[in-house]
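Q: Provided herewith is a single structure, encoded as structure tokens, for subsequent inquiry.
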Ligand code: GLU
């Protein structure tokens, strides 16, 4: 629920966020991210925002957004301000893409995935786009076909120091290729929406799962193109099953059991290397205790098997 005592960040203060996608219900991995981002924000006297990343209706589960917020409340989380919904921010994303068009940084791409992937090499996150439409003359573009929009990426290293993982870098041209910001089917790409929103909401610290580490150089590059500040990043260890797969909807992660709040919060705080918590009356007390005992530098780097 929205907190009654907003932890208003001073100018230059800490603003963190938790940004679930309502493609399924919260599971143990989501709880780890929620607890860590919350504890890091509150331990630094910061604000903690919740943003619903509901940009991909075909992948979403009916009722998941409401269920997620209810689950956060039952686990004792209090967020600052109103929940932001990406589905209500299309105009803002259009404006952001327009800014990049004005700067000449993006181009329309008419390739079908099947066509370009057939000859593409693999990068660090799927195939590397070969840049076919980057060099096409406008007159060569098929009329009547709706394009995707891609951003040109530089042949240079984008490096940053992660609060948990340490130094990380990618050469976007070699490792990723020009990436999509607006899909041909009209859906906004995660990379554009997340950077636009983090900038607009003044997010200063991002604590999220290591599955998103591979996206961070793209996001830093977009921030630079948009003259937006780069937040501090900390990428949490993934919680995995016995096969080493990240818990997710695909690996059939069980939804959080709302009858087991204390036990699940204790489990997650143990994964985050917090000391054992004293007995408490309610989940809010466990979260408050996690805030008091929080040390980002104690969080392990390696994936954790929960089975
Ligand atoms: N919505 C993303 C997810 O649920 C998280 C995005 C982010 O934290 O940048 O995986």
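Placement of Cβ uses the backbone N, Cα and C atoms for every residue, glycine included.
In TrEMBL, annotation is done automatically, which means it is predicted and not curated.
I grabbed these lines from TrEMBL:
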DOMAIN    17-260  domain 'Glutamyl/glutaminyl-tRNA synthetase class Ib catalytic'
BINDING   17, 18, 19, 20, 21, 53, 190, 208  L-glutamate binding site
MOTIF     20-30  motif ''HIGH' region'
MOTIF     246-250  motif ''KMSKS' region'
BINDING   249  ATP binding site
Q: Specify all same-chain residues, apart from the site residues 17, 18, 19, 20, 21, 53, 190, 208, whose Cβ lies within 8 angstroms of the center of the Cβ atoms of the L-glutamate site, ordered by sequence.
A: 51, 52, 194
Q: Which residues of the same chain, at least 6 past either end of the motif ''KMSKS' region' (246-250), have a Cβ under 8 Å from a Cβ in it?
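A: For the motif ''KMSKS' region' (246-250), the sequence-distant neighbours (Cβ-Cβ under 8 Å, at least 6 residues beyond its ends) are 23-24, 27-29, 209, 211, 238-240, 303, 306.
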Q: Can you check how the pLDDT averages out over the motif ''HIGH' region' (20-30)?
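A: When the pLDDT values over the motif ''HIGH' region' (20-30) are averaged, the result is 96.
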Q: Quickly jot the same-chain residues contacting the motif ''HIGH' region' (20-30) by Cβ under 8 Å, restricted to those at least six beyond its ends, or write none.
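A: For the motif ''HIGH' region' (20-30), the nonlocal Cβ contacts are 50, 52-54, 56, 59-61, 64-65, 67-68, 71-72, 209, 238-239, 246-249, 253-256, 264, 267-268, 306.
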Q: Among 17, 18, 19, 20, 21, 53, 190, 208, recorded L-glutamate binders, what is the largest CA to CA distance in Å?
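A: Taking every pair among 17, 18, 19, 20, 21, 53, 190, 208, the longest Cα gap is 16 Å.
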Q: How long is the line from the C-alpha of residue 18 (L-glutamate binding site) to the C-alpha of residue 249 (ATP binding site), rounded to the nearest angstrom?
A: 18
Q: Measure from each Cβ of the binding-site residues 19, 20, 21, 53, 190, 208 to the atoms of ligand 1 and list the residues where some distance is under 6 Å.
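A: Only 19, 20, 21, 53, 208 meet the Cβ criterion.
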Q: Which is it, of 17, 208, 249: the one of these binding-site residues whose Cβ has the most other Cβ atoms within 10 Å?
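A: Highest number of other Cβ atoms within 10 Å: 17.
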Q: Given the binding-site residues 18, 190, and counting only Cβ atoms in the protein chains shown, which has the most within 10 Å of its Cβ?
A: 18
Q: What whole-number Å value do you get for the CA-CA distance of residue 17 (L-glutamate binding site) and the residue listed as 'ATP binding site'?
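A: Cα to Cα, residue 17 (L-glutamate binding site) and the residue listed as 'ATP binding site' are separated by 22 Å.
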Q: Please work out the number of neighbouring Cβ atoms within 10 Å of the Cβ of residue 53 (L-glutamate binding site), leaving out its own Cβ.
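A: Around the Cβ of residue 53 (L-glutamate binding site), 20 other Cβ atoms lie within 10 Å.
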